[in-house]
């Protein structure tokens, strides 16, 4: 017989979960620190606005400056668009949870948010792999770069990266929401994710969890291995270069992407490889913040500050816009 679970976070969290509609979920993100809600909302709003501004700029800049029409910037533009979708899916609900605690979330809205989160994570895994392939061809096969990394092939790769996440996300979202949920529907998180939703299910989820692990290995571990293999080959080629300046230039083109890969995989792997791990919900919220808000905010800074072409293009666009407004 199912046992009703008491949502953590104190009496207020229990009251919110009970006051919501019988079928609605209640996000209890940061319910354990009620006095910090206003401060956290201000901080997260600032991170959200920076992520929106930075990624919108990275997405628009290749279309405004002809110097950024290389395949590397095409993939960077796609990554910025994924980060925009990710931020727009998670941050508004997080801010609403902090400013209006106890507000119910319908199962349909929760399922849609989970679907978009899983789609964005999957698409980002594949996009980071495509970007590593681009750097591998540029450094290890420079004479064949134009033929191998054509605009048509880049568009096909980008479309595949975007679309690949949809069936995976759809299958697991529909499967998860087909389970019965019991007790007060308080989700110990700031967005609808697999792990906190699994804790509310009153049914055997072992088959589901095994399939989630298998899909996670396919979607995250295999692309990570491909990225690692690409960079191992790149490093071997770079070490054989006779010129120190050539080695430095080759490594600098890869440094930004490598930092983003480490940030992304270092945080998402902790959450998605073990959906029912023994980490506390509070620690999972902190880790989730790093890839839902912090990483989308940092990515544009990493790529713009470490890339001379992006900084130069930004300067040219600003000068052009300033010139058009002069009398």
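For all residues, glycine too, the Cβ spot is worked out from N, Cα and C.
Heads up, TrEMBL stuff is auto-annotated, nobody curated it.
Among the features that TrEMBL reports, transmembrane segment is placed at 38-61 (among others).
The average pLDDT for the domain 'G-protein coupled receptors family 1 profile' (54-303) in the predicted structure is 87. Annotated domain 'G-protein coupled receptors family 1 profile' per TrEMBL: 54-303, in sequence order.
Annotation comment: TrEMBL describes 73-91 (among others) as transmembrane segment.
Here TrEMBL flags 111-133 (among others) as transmembrane segment. Proximity of distant same-chain residues to the transmembrane segment (111-133), defined by a Cβ-Cβ separation under 8 Å and at least 6 residues beyond the stretch ends, is recorded for 72, 75-76, 78-79, 82-83, 85-86, 89-90, 93, 105, 157-158, 160-162, 164-166, 168-170, 172-174, 176-177, 191-194, 197, 219-220, 223-224, 226-227, 230-231, 257, 260-261, 264, 268, 272.
The transmembrane segment annotation in TrEMBL covers 154-177 (among others).
The transmembrane segment annotation in TrEMBL covers 213-236 (among others).
Per TrEMBL, the feature transmembrane segment maps to 248-266 (among others).
Using a Cβ-Cβ cut-off under 8 Å and counting only residues 6 or more beyond its ends in the same chain, the transmembrane segment (286-305) has close neighbours at 44, 47-48, 50-51, 54-55, 57-58, 76, 79-80, 83-84, 86-87, 90-91, 94, 189-191, 193, 256, 259-260, 263-264, 267-268, 270-271, 279, 311, 314. Marked as transmembrane segment by TrEMBL: 286-305 (among others).
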**Asked** Which residues of the same chain, at least 6 past either end of the transmembrane segment (248-266), have a Cβ under 8 Å from a Cβ in it?
**Response** 72, 79, 124-125, 128, 131-132, 135, 138-139, 220, 224, 227, 231, 234, 237-238, 241, 290-291, 295, 298-299, 302-303, 306-307
